[in-house]
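> What follows is a single structure, and I will ask about it in a moment.
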Amino acid sequence: MKFFGILVVTILVVVFVNPFLPYWAVMVILFVIAALLKPGNSAAFWGGGFGMALSWIGLSLYLTINSGSDLPDRMAQIIGAPSGTVLMAVTGVIGFFLGGFSSLSGNLFRNLIKRRPTNIYRG
Amino acid sequence: MKYIGFIFVFLLTLALGYFGSIPLGPAPPIVPLLDPNHGFWQQTKSEDDFAEEEITLENLTSPVKVTYDENLIPHVFAKNEEDLYRIQGYVTAQHRLWQMEFQTMAAAGRISEIVGPIALDLDRMTRRKGLGYGAELGINFLQEKDPETLRFLEAYADGVNQYIDQLSDARLPVEYKILNYKPEHWTAYKSLLLLKYMSDMLVGDKDLEFSNLRKILGEELLNKLYPDFPIDNDPIIEADHVWDFQPIPISKPDSLNYPNDELVIEPLPQPEEGTGSNNWAVSGSKTKSGNPILANDPHLSLNLPSLWYSMQLSTPEYSVKGATLPGALGVISGFNENVAWGVTNATKDARDWYKITFQDNSRSTYKYGDEWRKTEFRVEEIKVKGEETFLDTVVYTHYGPVVYDRTFRGERQDANFALKWTVHEGSNEQRTFLMLNRSKNHNDYNAALDNFTAPAQNFAFASKSGDVAMRVQGKFALKWPEQGKFFMDGADPRMEWQQYIPNDQNPSTLNPERGFVSSANQHPVAQSYPYYVFDNSYEHYRNRRLNNRLREMNNITVEDMQALQFDDYYLHAAEALPVMLGLLGEPSELSDIAAKFLEEVKGWDLYADPNQKGPTIFYLWWNETYNQIWKDLSNLEVPVVRPNNYQTTLLMKTEPESSVFDLKSTSVTENASDHVKKGFEEMVEKLEKWTEDEGDYSWANYKRTTIQHLVPQFKSFSVANVYTGGGRGMLNATSERHGASWRMVVELGEEIKAYGVYPGGQSGNPGSKYYSNFIPLWANGKYLDFALRKEDQDLPVLFNTTFNPVK
């Protein structure tokens, strides 16, 4: 469940904030969100990773289909990638790592400052 | 453990974020490029996807409406010219920002800033030629003499800059993203620089090559192989034109000594062969409707984003439409409600070289007559990406910059040559176009042209009132015979340009009896013109084909003129092929494939249509034969030019046994026939090999016309192998990399009918559907309707934008 929560929040952040802010600002926000929500390492990593990957792939797919432009293929040739589709996959993979590690760092950071109950009877 | 885990993951995250944002080796920062919200994915959108209905702009005096037609051609309706040019700047930048800036970076010798040390030599060359120096003088000229034009240039620059200032990362053109830099502010200086860049593209000289030839061949043979006028001279101004002015007397000084050096320096980059243009105007007496028709097709290197950008510019006083140059004001080749004009290059050896004798190694003084004159030093600071700034000191004499010296391409330590070029004089080409845009008649046209210095152009003109005219305009030095044909001695004042030909004595004609005016880069005049005229690059084929057709045509329609722009009759083949077949004779023992080639070329109708095989066979056969004939010249260790196709063909026809055909490097005595036979063998061998490797050798396939992106390495942004006919020396001059960069036909009746097309599209964005959408039309000789629009006309519209002043 926590995975889906982080996934949805990440998608919302990328879709609504990324158009106005550069990717590193999105990374900071994902870090903060994970630190606040403390979803757990695994949910943070996979949720943040897939959230950002899916929204980036989704947007590049939407732009490509909607415009009918062959720019992705042309760009692929210049960069030396096999095709525009590969470029889209690479975009997704990069999004995955950026999102996943940002969230994971956030969650790990929260673990650091989380006060550990020393005496369960005093609370 | 937690700490180690956190620190490890956190550092990894920082590293991902950081290394994604910086360039790794030659690659651009990868994440900003791929981020679909800001990176290249955003360039998949076309201009109509982000159309804005209203834009607020500073410094406007009243609202300006811009209507984009279905081809994204903007029609700007402004209340005054200052608003008009401000919006021209803004709108052009919207679609062509990267290109405008890149071209001026090239003109300023600043490509190294973008691409690094590989462009350093190119940048040094550009700067040592003094393009930036010329543009600075141009700004001084405007400040002193023409504040109005300067004000308009500044309004244009302000429009461009207001666009740049609001530009988001997402909308930044993709080339900036790949090459990883950002646009700078535009200035009036950059607009002038662009016009200087055009000069550089269009002007060449062969002084170095002719100096060498003179030494190697001697005067007599030089004049036989390279006559100043061809026998079939069909000049721009009709040959029987009467010159009604008293020429300024000039004569060649006695006993001149030309520098006699071994000139092994590398020549300046020259405009490529095939850079040329056609324009003509037929008067009402020859047209079906009785209205004059004007046609223009400038041939330049075929590039994307296209050199031209179409626009209509309207004020309450006038409406002008046609091709603009992104970065320059107004319309360059176009028409308004009253007149139409077109330009072709009027080369006339506008660059000359002087050998400079310095007093000593400090190069602070040089010899001029009996005195020692002071030089000036100009230090060029060339920023180089990833390296330290390169400082290049260029010595300036009163002639101009010393381009070649001990630090640059001078093989000998004492090789110092100064460049004299009209580009280095304060001038005001921009004003010519501003005035042409508002011209109403022939007088206005002439007044506009008086401001034009370089690069010299043949301005064809037609007006609604029925006039057709042609004027060869530029600032031409008044030269004595052969002045400037060879490198000259800068220490001898008699070698210097003394004065210029007055504007009203430049070759011009108004309503000639033959009913048309035309130019195709040929000799401007017949030998009756009282001043010395020389250039190596004059055209010998397009002009004759054009004039022959115009002479015989009557009841001409717009469609006829369009067809003539697309005409691909191969006149050189028509003249050379019978001579070559005659010299070849009836060869025995031909291989099957050789017999087939011979059969095909014999049966060819002499039109270079894309599906024809004849032009390929002829073209190759001619080139091989030509290379054989001038083998001795090609094998020289110094730069020379070889005789042109016309003169070579003439010699083959009239004196096939002449000693000019004998190669001194062989023991036997060759004649023309030997070269033709050898050329035929070579052609068969090459074409057979080509066919094995590449397949079909029909003309378009062989020629492979490519419209190349300004960064040639961005291959996928180019359009390769365009299926179209034509070639060098044909009216449709579309060769591998050159051709009609803009075609326009205008009929000046009660209502103006106009048609135009260029090989590209309005958008400079390779992802846009408007990037190359005109190319299929252009390749098939089709046109877009270019009729003038009124502000509230009910015509198809892509979108409208109103620019409002700040309240």
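Even glycines carry a Cβ here, placed using N, Cα and C.
Reproduced below are the annotations present in TrEMBL:
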- B:Ser277: active site, nucleophile (ACT_SITE)
- B:Asp349, B:Asp352: Ca(2+) binding site (BINDING)
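Where in this structure would I find these features, and how exposed are they?
In the three-state DSSP reading, B:Ser277 (active site, nucleophile) counts as strand. Residue environment of B:Ser277 (active site, nucleophile) contains 27 other Cβ atoms, counted within 10 Å of its Cβ in all protein chains.
Close to B:Asp349 (Ca(2+) binding site) in the fold, though at least 6 residues off in sequence, lie B:Asp205, B:Asp207, B:Gly484, B:Lys485, B:Phe534, B:Asp535, B:Asn536, each with a CB less than 8 Å from its CB. B:Asp349 (Ca(2+) binding site) carries neither a helix nor a strand DSSP state and counts as coil.
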> Would you count the other C-beta atoms found within 10 angstroms of the C-beta of B:Asp352 (Ca(2+) binding site) for me?
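There are 24 such Cβ atoms around B:Asp352 (Ca(2+) binding site).
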